Amino acid sequence: MEYDHDGAIEDAREPLMPDNSSREEGSGSQCSSNNTGTAWMVYLSTFVAVAGSFEVGSCSGYSSPTQNAIREDLSLSIAEYSLFGSILTVGAMIGAITSGPIADYIGRKGAMRFSSTSCAAGWLAIYFAKGALALDIGRLATGYGMGALSFVVPVFIAEIAPKNLRGTLTAVTQLMVATGVSVAFIIGTVLRWRVLALTGLIPCVILHVGLFLIPESPRWLAKRGREKEFETTLQKLRGRAADISYEAIEIKDYIETLERLPKAKLLDLFQRRNLHSVLIGVGLMVLQQFGGINAICFYASSIFEVAGFSPSVGTIIYAILQVVVVALNTTIIDKVGRKPLLLVSASGLVIACLITGLSFYLTVHELALKSAPMLAVTGILLFIGTFSAGMGPIPWVIMSEIFPLNIKGVSGSLATLVNWFCAWTVSFTFNFLMSWSSYGTFILYAVINAMTIAFVALLVPETKGRTLEQIQAAIR
């Protein structure tokens with residue numbers, strides 16, 4: 001069934017929008033949403049939700065600064081610690097599979113609460129661990145919560161934010177992930193590993209307490225038929241003085257259309273009406289990971305060391321650069337748009353991979369040995385800078401925007417699962433590829449990032465300045 005944006009919705013608009021200028025500007029809440037004074041509840045809700053994103057970063061960054069101390073204190077072998085580190089991704093994949101249905105069944109707030117509880121239990125298991133088994137159980141639990149939060153937080157923010165703020169606020173999730181990783185690495189050089197595990201509880205507490213202060217997603221409430229709560233929540237998010245009638249009609253009419261469709265199953269994702277959205281959401285996740293981000297992360301310290309940089313100082317610079325660039329990204333994403341940033345980012349990644357590949361080529365063939373290390377450092381910093389400017393945060397923003405509401409749970413889970421699986425695949429294959437050819441590995445990543453440019457140019461729509469309902473109408 002097609003969504004008749006110019007038919008059913010347009011009929012409902014006429015009494016509210018008497019002339020063409022008001023239609024262009026938007027009405028009701030859309031105009032009011034431009035007044036930041038009325039958006040305080042949206043900002044508060046975002047602040048609470050991105051505590052979950054910070055938790056994702058804390059989970060990801062925990063193992064790097066603690067490896068030697070944990071192995072020494074608990075007498076772990078390299079294999080045992082490797083299992084401890086990698087089982088996080090296994091938990092994240094399980095979290096990705098289940099997060100969508102959970103978020104659809106108990107709500108976005110309920111899913112965030114459940115996920116952060118899993119993280120908190122995992123951190124406590126790690127803190128009290130006396131051996132490898134307890135460590136692995138704790139790491140698996142934090143991984144589960146991390147995988148679930150990486151899906152539900154951007155979805156929640158996209159569903160509560162007005163269209164003029166949605167890109168910026170959703171991009172904050174990746175800023176907080178990057179910040180969480182950086183903080184874990186930096187304070188992990190000072191704190192003992194058990195104390196560092198306790199710091200992972202802080203964002204969980206903030207999220208749990210904050211969820212009592214913020215409303216549920218109005219779109220989820222409308223989908224569940226809780227109309228009175230839906231209107232009250234939407235009014236609270238848009239401000240007491242805002243006219244929400246336009247936005248409320250658009251949301252309800254869109255959901256009524258979706259309700260006529262059968263309940264979404266995995267195979268429904270591959271039906272013609274959903275295929276374009278799924279291809280975009282999943283395709284961006286595949287290209288994001290196969291472009292080499294985890295390989296760069298994995299090899300950064302070694303490259304800094306070869307280049308004569310202090311590995312710890314180089315990694316801290318790397319972490320700070322990532323946070324700064326993602327922060328800048330959040331200020332321009334709703335002005336420049338998603339698609340231009342993706343294209344610029346992917347182009348920068350191609351150049352960065354070629355520079356890094358050239359440095360390895362020169363080293364292997366013993367050419368310009370004095371220049372090769374600086375080329376490697378330049379390539380790594382350019383890679384992380386351009387990745388953070390687009391291909392890092394924006395696929396998650398688009399994932400939260402692109403899927404129809406009736407399949408958002410299933411499709412979002414699939415996209416998140418694919419992302420974590422591809423992350424594991426790249427990490428697992430990197431050493432094999434480097435053994436085959438160090439410079440060939442980065443040329444391969446450059447080719448994949450070039451494919452990203454073509455994918456974005458041909459298939460990815462611009463979602464800036466559109467409501468979620470308008471995005472679906474444009475795709476269909």
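Note that Cβ sites are derived from N, Cα and C of the backbone, with glycine treated the same way.
Any TrEMBL annotation is an automated prediction that lacks curation.
Sequence annotations record features per position, and here TrEMBL assigns compositional bias 'Basic and acidic residues' to 1-26.
Summarising model confidence by region, the domain 'Major facilitator superfamily (MFS) profile' (41-464) averages a pLDDT of 86. Look at TrEMBL and you will find 41-464 tagged as domain 'Major facilitator superfamily (MFS) profile'.
The region 'Disordered' annotation in TrEMBL covers 1-32.
Here the transmembrane segment (81-103) has long-range neighbours at 59-60, 63, 67, 70-71, 110-111, 114-115, 118, 132, 135-136, 139-152, 155, 220, 408-414, 416-417, 419-421, 423-424, 427, meaning same-chain residues at least 6 beyond its ends whose C-beta is under 8 angstroms from one of its own. As annotated by TrEMBL, transmembrane segment applies to 81-103 (among others).
Sequence-distant contacts of the transmembrane segment (141-161), counting only residues of its own chain at least 6 positions beyond either end whose CB sits under 8 Å from a CB of the stretch, comprise 42, 45-46, 49-50, 52-53, 55-56, 59-60, 62, 87-96, 98-100, 102-103, 108-109, 111-112, 114-119, 121-123, 125-126, 169-170, 172-173, 177, 200, 215, 217-220, 237, 396-397, 399-401, 408, 412-413, 415-417, 419-420, 468. Taken from TrEMBL, the feature transmembrane segment applies to 141-161 (among others).
Here the transmembrane segment (168-187) has Cβ contacts under 8 Å with residues 42-43, 46, 49-51, 53-62, 64-65, 150, 153-154, 157-158, 161, 196, 199-200, 203, 315-316, 319-320, 322-323, 326-327, 329-331, 333-334, 388, 392-394, 396-397, 400-401 of the same chain, all six or more residues outside its ends. Here TrEMBL flags 168-187 (among others) as transmembrane segment.
The annotation transmembrane segment is assigned in TrEMBL to 193-214 (among others).
Packing against the transmembrane segment (278-301) from elsewhere in the chain are residues 269-270, 311, 314-315, 318, 346, 349, 353, 356, 380, 383-384, 387, 391-392, 394-395, 398-399, 402-403, 411-412, 414-416, 418-419, 422-423, 425-427, 430, 433-434, 441-442, 445, 448-449, 451-452, 455-456, 459-461: each is 6 or more residues past its ends and has a CB under 8 Å from a CB in it. According to TrEMBL, the feature transmembrane segment maps to 278-301 (among others).
Annotation comment: TrEMBL describes 307-329 (among others) as transmembrane segment.
Taking Cβ pairs closer than 8 Å, the transmembrane segment (341-362) reaches residues 291-292, 296, 303, 329, 332-333, 368-369, 371-373, 375-376, 378-380, 382-383, 385-387, 389-392, 394, 438-443, 445-446, 449-450, 452-453, 456-457, 460 in its own chain, all 6 or more past its ends. Positions annotated as transmembrane segment by TrEMBL: 341-362 (among others).
Long-range neighbours of the transmembrane segment (374-398) within the same chain, counting only residues 6 or more positions beyond its ends whose Cβ lies under 8 Å from a Cβ of the stretch, are 150, 154, 158, 167, 170-171, 173-175, 178, 280-281, 284-285, 287-288, 291-293, 296, 300, 303-304, 306-307, 309, 314, 317-318, 321-322, 325-326, 328-330, 333, 338, 341-349, 351-360, 362, 442, 452, 460, 463. Annotated transmembrane segment per TrEMBL: 374-398 (among others), in sequence order.
Positions annotated as transmembrane segment by TrEMBL: 410-430 (among others).
The feature transmembrane segment is assigned by TrEMBL to 442-460 (among others).
Long-range neighbours of the transmembrane segment (410-430) within the same chain, counting only residues 6 or more positions beyond its ends whose Cβ lies under 8 Å from a Cβ of the stretch, are 86, 89, 92-93, 95-101, 103, 147, 150-151, 155, 264-266, 268-269, 274, 277-278, 281-282, 285-286, 288-290, 292-295, 298-299, 399-400, 403, 441.
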